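According to TrEMBL, the protein carries these features:
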DOMAIN    8-341  domain 'Acyltransferase 3'
TRANSMEM  12-30  transmembrane segment
TRANSMEM  50-70  transmembrane segment
TRANSMEM  90-108  transmembrane segment
TRANSMEM  150-170  transmembrane segment
TRANSMEM  177-195  transmembrane segment
TRANSMEM  201-224  transmembrane segment
TRANSMEM  231-249  transmembrane segment
TRANSMEM  261-283  transmembrane segment
TRANSMEM  295-317  transmembrane segment
TRANSMEM  323-345  transmembrane segment
Amino acid sequence: MPSLGRIRSLDGVRGVAALVVMLYHVSLIARPHVSGELWAWLTQSPLKLLFVGTESVLVFFVLSGLVVALPALKEGFGWTTYYPHRVLRLYLPVIMSLVLAAILIVLIPRDPATVPEGSWMRDAQASTVSFESLLSEASLFQTTYDINNVLWSLRWELFFSLLLPVFVIVASAFRKYALLLGAACGALTVVGRITSVDALVYLPVFMMGTLIAVRLEDIVAWGARERRRRVWIGLAATAALFMVSSWVARPIFESGTIGNLFLWGLAGTGAAIIIVLAVAWPACRRLLEVAPVQWLGKISFSLYLVHAPILGTFGFLFGDELWWMSGVVGVPVSLAVAAGFYSLVEAPSQKLSRRVGRWSGRVVRRAPATQAS
């Protein structure tokens, strides 16, 4: 598959998604302290797009399905290089984010009694940490995480990364029917939401990204030909509606009902449409390629990994009386720490993982020659 070069708009959409997830967690800190009427006004309107959290994680999953699969579609791709590189690329920043979270927990005491019962602060933020709990979360094999709450999604990133050959084979085999298979994946995500089967919710979303990868040239070429603004606006409106429909429809379908779960399941398809727009719609690409958005994209993985422990720390530090300060202080601090984390942890991890991957590939290639001699 010929290379299209780096699509910078994908970096931009990753940055926007990371920012939205952070704002979502700020909203969870605020939730116990705002009136039901205000909460409904914020979440049951288009404003929800500014802090649509779990749904934005699906954008990451589609992105991974695309960008991780792309190299595997090229000639000369080596699985013995890929696996060590990919595993280290995920685990090293994850481990260091847990170290950061543990330090914050130890240095700044967390008393659960100072935060509302049933809140994100109480239920998803660890008040103590042990070596065993650190190891457990670092493995990425447990289902719940409270030292670093966002790691639940890295668990699915790991599963997809390990299963990448299956995704690439299936997507390549059904390349001509990518749109049909993508629709089937969207339907599976809906079924997964209704039946509470997480694998059905998340793995088909990765497959949508891989399907975009196998048809990427065609999608980009279509975007260059398509001049009708109504097509782009229609797709953007559909993506936005799918991302927030389970929220805006809550006056009709309450949370947890089959109707609401059905609408929630549409977010996977919404995320896939967002990625298609990011690579194909010229106006969207230009917006995502402006310098501030590109900077967010550069530090997006680091921001995703560090923001929850930082917001949680400020949530305990300020307590109920000054809960609003958690976001006012926590957001800029998270951005600053993410920039430092990128420079000190993520970028070196990328270099190390590439070196280890290349070394592994060379060792495996030499092995048959050594045995033959």
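Glycine too: its Cβ is placed from the backbone N, Cα and C atoms.
Keep in mind that TrEMBL annotations are predicted by a computer and have not been checked by a curator.
Bear in mind that the values here come from a model prediction, so they are computed numbers and not experimental data.
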Contact between the transmembrane segment (150-170) and the transmembrane segment (50-70) (3 or more Cβ pairs under 8 Å, separation 6+): yes
Cβ contacts under 8 Å made by the transmembrane segment (323-345) with residues that lie 6+ beyond its boundaries: 22-23, 26, 29-30, 32-33, 92-93, 96-97, 100, 298-299, 301-303, 305-307, 310-311, 314-315, 317
Contact between the transmembrane segment (201-224) and the transmembrane segment (50-70) (at least 3 Cβ pairs under 8 Å, separation 6+): yes
Feature contact check the transmembrane segment (12-30) with the transmembrane segment (90-108), CB under 8 Å, 3 or more pairs: no
Cβ pairs under 8 Å between the transmembrane segment (295-317) and the transmembrane segment (231-249), at least three: no
Stretch of maximal Cβ-Cβ contact with the transmembrane segment (50-70) [cut-off: under 8 Å; candidates 12-30, 231-249, 261-283]: 12-30
Spatial neighbours of the transmembrane segment (261-283) far in sequence, C-beta under 8 Å, 6+ residues away: 7, 9-10, 12-13, 54-56, 58-59, 61-63, 66, 182-183, 185-186, 189-194, 201, 204-205, 208-209, 212, 216, 219-220, 222-224, 226, 232, 235-236, 238-243, 245-246, 249, 253
The domain 'Acyltransferase 3' (8-341) [mean pLDDT, rounded to integer]: 96
